[in-house]
Amino acid sequence: VAADEGILHASGSGVPPVTKDYCIIYNSNWVSLPKTLDNATFRTLENLTSTVLCSSAEVPSGLMKDKAVVVMRGNCTFLEKARIAQSLGAKMLLIASKSRLSAISDNKTDFEDVTLPIALIRYNDIIDMQLVLGNEVNVTLYSPPLPEFDYSMVVIFLIAVFTVALGGYWSGVAELENLKAVASPGERETRWKKEENVTFTPVTVILFVVICCVMLILLYFFYKWLVYVIISVFCLASAMSLYNCLAALIGEIPFGQCRITCSNKTIEVRLIFLAIFCIAAAVVWAVFRNEDRWAWILQDILGVAFCLNFIKTLKMPNFKSCVILLGLLLLYDVFFVFITPFITKNGASIMVEVAAGPFGNSEKLPVVIRVPRLEHSASTLCDLPFSLLGFGDIIVPGLLVAYCRRFDVQTRSPSIYYISCTIAYAVGMVLTFIVLALMKMGQPALLYLVPCTLITSSLVAWRRKEMKKFWKGSSYQVGWRP
């Protein structure tokens, strides 16, 4: 069965005419569509979605002649509908579907006489066509080649590298403050009270990966309920993360430090307004999360804040823990992307299904950075109007970058580990995009990011003859001096 994505280009009758493109699914073994609009032939669209066209008696004589016709899916095969439409003079057949668009397949050998183009289109798009373009619409079909590269990937790359680099740097700043507090007994207790870091041990790393596996499987089977739990958790966590990120910036501003006292506790007024702003941002995103025109910007801002706060807060104690975490999550990523298609009934990977919303669910998990695709293609209309990068592809290597930055601080090295690991992450991202462009299918980014970052960090430690210390972690609590 061959299923191909194409574009229905619709034009209204106004002056100047309003045009809009819609996704179609067609079978390239049945019909060959032009690659550009230059060679496309326009037909007047006749909306017959009140019928399924399983009998020629359902349509008045002459109504379809030389027109593009749209009818409803169901009751008979695609080719049976096409044979009837062709016998009544139609030049193009569109079949509207209220369910998810799927491959067009029938036994074509029994319908060799059918020659008109047949395409599947969303019923909601037919409704939208009437609302936007009016009742008099001309349409044509074409199927442009997929672009080799979409420039939205550049934006994804910049966001990812910026977040990893800044998260690692922030972690290093926090580490330096810890070291100064340790060296100064008067500041030690105050600093420890402020400390909010969580340290991963090898045991907690393994437990964390097991929880990730269980959560992904639960999402696959109970997506339509758990997706709202994930959305709620994201709103809460991202609002707190945005507050922590902005509070760190505001803390460096020596103005507007008015305080109020309540129950023997003092708090800055500007932090109260900041908290209200962060909560409002998360609420606005939750309400308008399906608004594709601008909600992605807010999601990306909240997502970057979430990743930054996670990288800064979660501390890897040594390179050993980093290797265990990144290695296990690499296996997790590869298994759920490449191995699970051999296990699932529909032959789709669990990771891709959950990311896209299994079984046609319209709600999407908000655990990705989203950037609208900039190159116009059928794929943009049909499946992926956005380029995506999961938070895990930022956070997991980011934890190693943060450890490298803290190790630089602990050993007073000139940021060599931090800079090298950050560059290795950028190289891994470029490699991911190259493979993505060549293979034309989603890739587990950790497959390329993990080897690049781990190998680079190991080589730097080996070259500097610090592998033992890097592997076990530097004990800075004794003997450090500012």
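Glycine is treated like the rest: Cβ placed from N, Cα and C.
What TrEMBL annotates here:
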DOMAIN    60-125  domain 'PA'
TRANSMEM  151-170  transmembrane segment
TRANSMEM  198-222  transmembrane segment
TRANSMEM  228-250  transmembrane segment
TRANSMEM  271-288  transmembrane segment
TRANSMEM  294-311  transmembrane segment
TRANSMEM  323-343  transmembrane segment
TRANSMEM  384-404  transmembrane segment
TRANSMEM  416-439  transmembrane segment
TRANSMEM  445-462  transmembrane segment
Excluding the flanking five residues on each side, which residues at least 6 beyond the ends of the transmembrane segment (271-288) place their CB within less than 8 Å of a CB in that stretch? 231, 235-236, 238-240, 242-243, 246-247, 250, 260, 294-295, 298-299, 301-302, 366
Reported in the order helix, strand, coil, what are the DSSP residue counts of the domain 'PA' (60-125)? 17 helix, 16 strand, 33 coil
Positions on the same chain near the transmembrane segment (323-343), where near means CB under 8 A and six or more residues out: 200, 202, 205-206, 208-209, 212-213, 216, 316, 349-352, 392, 396-397, 399-400, 442-447, 450, 453-454
Where else in the chain does the transmembrane segment (294-311) make close Cβ contacts, counting only residues six or more beyond its ends and a cut-off under 8 Å? 159, 162-164, 166-168, 170-171, 234, 237-242, 244-245, 281-282, 284-285, 288, 366-372, 386, 391, 394-395, 398-399, 401-402
Local confidence of the prediction over the domain 'PA' (60-125), expressed as mean pLDDT: 84
If you count Cβ pairs under 8 Å, which stretch among 198-222, 416-439, 445-462 touches the transmembrane segment (384-404) the most? 445-462
What parts of the chain pack near the transmembrane segment (198-222), using Cβ distances under 8 Å and only residues at least 6 beyond its ends? 230, 313-317, 320-321, 324-325, 328-329, 332, 336, 350-351, 353-354, 358, 365, 399
